[in-house]
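> Questions regarding the structure given below will be posed in turn.
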Amino acid sequence: MMVESKTPLLDTVNTPEDLRKLDPSQLRQFADELRTETINAVSVTGGHLGAGLGVVELTVALHYVFNTPADRLIWDVGHQCYPHKILTGRRDRIRTLRMGGGLSGFTKRAESEYDPFGAGHSSTSISAALGMAVGRDQLGHKNHVICVIGDGSISAGMAYEAMNNAGAMNSRMIVILNDNDMSIAPPVGAMSGYLSRLISSRQYRGLRELGKQVAERLPRPLQEAARRAEEYARGFVTGGTLFEEMGFYYVGPIDGHNLDHLLPVLENIRDDQGTGPVLIHAVTQKGRGYGPAERSADKLHAVSKFDVITGAQAKAKANAPSYTRVFADSLIQEAEADSRVVAITAAMPSGTGLDLFEKRFPDRTYDVGIAEQHAVTFAAGLAAEGLKPFCAIYSTFLQRAYDQVVHDVCIQNLPVRFAIDRAGLVGSDGCTHAGSFDVAYLGCVPNIVIMAAADEAELKHMVATAAAYDHGPIAVRYPRGEGVGLEMPERGQVLEIGKGRIVKEGTKVAILSLGTRLKEALLAAEDLNARGLSTTVADARFAKPIDEALIRRLAQDHEVLITVEEGSIGGFGSYVLHFLAQSGLLDQGLKVRPMVLPDIFQDQDAPAKQYDEAGLNARHIVETALKALGTGLAAETPAARA
């Protein structure tokens, strides 16, 4: 007996070309089936749920009205792209989302022609869309360029830079503001839907243009009065004055879940022959159509595998606290002892653990929104006034504020504390979120101190060290995930700046680890010792300043020195090699082997598999030592595999 499909319409659609064969009256059912498929898929894989559910109707309408992929459709960030992926020939692989060898959790150019621009970080879509629109015009093409950006992402400076530029140009592009927080929109309903359809219509645009031509014949004061009156009237009923002032033709707000509103507005804009940018303001609900996600939009923004009926997430029992939790608890402890400790996050309070800090110290917590550049300089201002700011930002997002780190913090030697979460490889979020580069891009800047926690106890000590350090900027990096299960000290101890530690003594091979590869270094030492190769293991603790006395000792007392780090080329290993070369410690035959992440962008997978692919596990350290000593052959290198 055949089981009746729960998605009969969706089963007939593999690409948007198939979708456009449906009658408009079928689209409501199609959207419901697409939402069901999205929920079922994410329940198996985990991922970003709420954002995608909020744009199901918008996704259907955009692909139905516009001729994708010839018409470019860009999704900002990419959190909301799962329905788009299902609809663009990837349904058969949707249950591989964020897995090794599977679909990326974000849009990705290499994955589909329907992903014209990749994402992962926020607020890039308007800039990319404008570039594509100008490129189209230069080449004499006629396709549309559309980008979808959320009300959170549009608050970032880059989005306003792009809008400011776009408003001064004649290139036609369409920006869809996906407002799922009601932070900008006035109430939506039948009247606003009618006004949006009216304002987007060719007749209205024609009358407006005629009015401008008539006004141009009036004396200049009357021209200005007419312009302001028209803007005031439109702003009164639509709320789009800000975007109009930036040079956009504003349409909205419209109900982003009402296909009867979406379709005619999009068709009107598609068919209009005008020039310049258009902004369509669509109000949506995050988690739409799935009760648990609607009730807890923040908790079901990003989820692990979950039960579709209850929404309960299947989280494995933790063997140790997460590094993020250890950081938060340690910072709370320091703040209880010192009222000058304050915390800054750039729209990631729960991701960085500062939601816990905020519960304890609401008046000492600052969420500045998606504004990493501002966050860093804001922290610099706090430090200049004698406070102790901890700026908690993921490694990958701190890249966005590099000039502020250099110009506003380090040149002025202001004591800003950087808590760099998600350092190293991050698993299912893939290359856009990997924290591979911070040691390299911070280590070349004067005045900054850089620490890397080997385990959760070390992280607690490093938070205490950062709180006590008032001589300039200081950073502590730590990974995503759980600690190693150590007994935690009651209080963090202040570490001596630039001093590492010997963890295991040996005589022939020295392994100098920075960060949480220390556990793998100790496992490698056990293997090497079992082979009769006495091995020292040291924890560098500091990437800058490096412990020159420790490195000198390791170089002079061992035949082989291996550095291991969860970072790119140009980082800690380079600093060690530079010191060894400058000190003449390479002149007596010391064999130095730096082990770093391969010089590639690694795709998503389980973190353990990523590090195995990167060649940074215990067996790789053993192979490196054996090859250096000439007593064994190393396995194929990550670079060769790539």
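Don't overthink the numbers, they just go from 1 along the chain as shown.
Backbone N, Cα and C define each Cβ position, glycine as well.
So Swiss-Prot says this about it:
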type    : residues                                                              : note
BINDING : His79, Gly120, His121, Ser122, Gly152, Ser153, Asn180, Tyr290, Glu372 : thiamine diphosphate binding site
BINDING : Asp151, Asn180                                                        : Mg(2+) binding site
> Distance check, please: Cα of Asp151 (Mg(2+) binding site) against Cα of His79 (thiamine diphosphate binding site), rounded to an integer number of angstrom.
13
> For the thiamine diphosphate binding residues given in the record (His79, Gly120, His121, Ser122, Gly152, Ser153, Asn180, Tyr290, Glu372), what is the largest pairwise C-alpha separation in angstrom?
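Max span of the thiamine diphosphate binding residues, Cα based, is 32 Å.
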> Which number gives the other C-beta atoms within 10 angstroms of the C-beta of His121 (thiamine diphosphate binding site), all protein chains shown included?
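Cβ-Cβ neighbours of His121 (thiamine diphosphate binding site) within 10 Å number 22.
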> Taking the Cβ of Gly152 (thiamine diphosphate binding site) as reference, which residues of that chain separated by at least 6 in sequence fall under 8 Å from it?
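Listed in sequence order: Ser122, Asp181, Ala347, Gly369, Ile370.
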